[in-house]
Amino acid sequence: MRRPIIAGNWKMHNTTEEARDLVTLLRPLVGTARAEVVVCPPFTAIAATVNAASGSNISVGAQDLFWEDKGAYTGEVSGPMLRDLGCRYVIIGHSERRQYFGETDATVNKKLLAAYRNELLPIVCVGETLAEREAGHTLEVVGRQVREGLKGLETGQARDLVVAYEPVWAIGTGKTATAADAQEVIAFIRKTLGEMYGETAAAIRIQYGGSVKPENIAELMAQPDIDGALVGGASLDAVSFAAIVNYDQ
């Protein structure tokens, strides 16, 4: 039985004080959640978020990391630094990183291996653009992103992996893939993982991301292969995020 995982990606929002306030509001609202709860603040607010979440059932993740552990890489943040701050998870390959910062399947793969090297649990994002979907290339694109992004990952490591399917055309647009559309692609991702990792694929958690809201979470979570959500805007409001986390209550 795969435990559901709901992760909030705060993106470039929340100062340290705002992060502290949000987690303080969130703690009592999600304290009895069956799902695993993760929040991913910007780098500058990680320490404050970890402190505010201490002793609760809220884990903290980062939104990115660099693939080297140290060196002359101005502006970058490494796996050891994230571990030192108390991070448990790290998002890798988010569509905004691919769109604005030139992230590729190859850099996603290097970052994935860096995460495992530093005992961080990766949330690896995959998904097609609107043009790719309209051309009928969704499964081809997503399959390639999965295979290339996870290259070199051993079966024993894959059990702890989280994959997030986030169709690029549904990020921040208010558009959501239907639950059936999301299930179709996520079932394909699980099939691809099965070709790579055999029976272990049944244990890998796969999230949906893309305009997830309290209004659509239950229908998404009712699908057999959807194990959680990567939540953007709705995670910035404690009540909305808690409603998503507590979708089954």
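Even glycines carry a Cβ here, placed using N, Cα and C.
Cross-referencing Gly31, Gly55, Gly172 against the substrate binding annotation in Swiss-Prot, which names Asn9, Trp10, Lys11, Ser211, Gly232, Gly233, picks out Gly172. Distance noted between the C-alpha atoms of His94 (active site, electrophile) and Glu166 (active site, proton acceptor) is 8 Å. Taking only the Cα positions, the spacing between Gly172 (substrate binding site) and Glu166 (active site, proton acceptor) is 11 angstrom.
Using a 10 Å radius centred on the Cβ of His94 (active site, electrophile) and all shown protein chains, the other Cβ atoms total 27. DSSP assigns Gly233 (substrate binding site) to a helical segment in the three-state reduction. For the recorded positions listed here (Asn9, Lys11, Glu166, Gly232), the lowest count of other CB atoms within 10 A around the CB belongs to Lys11. A distance of 14 Å separates the Cα atom of Gly233 (substrate binding site) from that of Glu166 (active site, proton acceptor).
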